[in-house]
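> Annotated transmembrane segment per Swiss-Prot: 42-62, 64-84, 117-137, 144-164, 192-212, 214-234, 240-260, in sequence order, evidence recorded as sequence analysis.
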Amino acid sequence: MQRNGLIGDTIRSLGFLSRLPLPQGWFDNTDDSLPRNARAFPLAGGILGLLAGVALLIANAISLPPLAAALIAIGALAAMTGALHEDGLGDTADGFFGASTPDRRLDIMKDSRIGTFAALTLVIWTGVKASLLMAIIARAGAGYALLALIGTEAASRAGMLAFWHALPSARPGGLADSMGQPQWETVVCGCGLGLALLAIGFLPSGGMVALINALVLMTVVLFGFARLCMAKIGGRTGDTLGAAQQIGSLAALIGLVMAL
């Protein structure tokens, strides 16, 4: 089996994006360049969405209320990823709205302590995402909520990949800058995979309207967030990549719920 192929890239992407136990052999003697492996980010996201969806299905099967099932799915995602993207969202909120200069914003984003803006953002974000999953369960069923999680987690990581490619590093020499930047071919491949999984996740319940809604909303909000990043800190950091994923996932879910 080609360990530098798409399967290998998916496993190595899971190794970066999650804390799932993975075979070490897939990481030995391979081209493990993150910008190259990143084409498989949407596939890794789809796997994480599938596992979170299974948790939601189990919660629904044992007659837990939709709110509990939705929160369990959100918690499962955070547990599997080590809250990697949620941490980025919180740090971005603290930095962007807790300081008045780019350098000070970047300093705050590096601080591991959680501030008021981060706390409020994460509470509101979790509540909105849970309410959207509840709406999908109520209007279409838990099985379609599972499909929605697959599509959402895949497409949001494709959006994160495009965001990573489009913006310059805001902190030259920092950790995110040292990881490099994906090439255009990687972005095209990743976005194609993300679109395919989004279609699989959304078409059965919401049809083409849901798919178009999600694509338009994701494009608009990620473009707006990219402009905000340039205005606030002059580019991207690892935290803003995580925030982009969270923003994209919520936009996609809103697009689906609008169509149900």
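Cβ atoms here come from the backbone N, Cα and C positions, even for glycine.
A quick note: this is a predicted structure, and the numbers were derived from the prediction, not measured.
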> Could you check if the transmembrane segment (240-260) is in contact with the transmembrane segment (42-62), meaning 3+ Cβ pairs under 8 Å among residue pairs at least 6 apart in sequence?
no
> Counting only residues 6+ away from its ends, which parts of the chain sit with a Cβ under 8 Å from the transmembrane segment (42-62)?
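Here the qualifying positions are 6, 10, 13-14, 17-18, 68-70, 72-74, 76-77, 80-81, 133, 137, 142-143, 145-158, 161, 190-191, 193-194, 197, 201.
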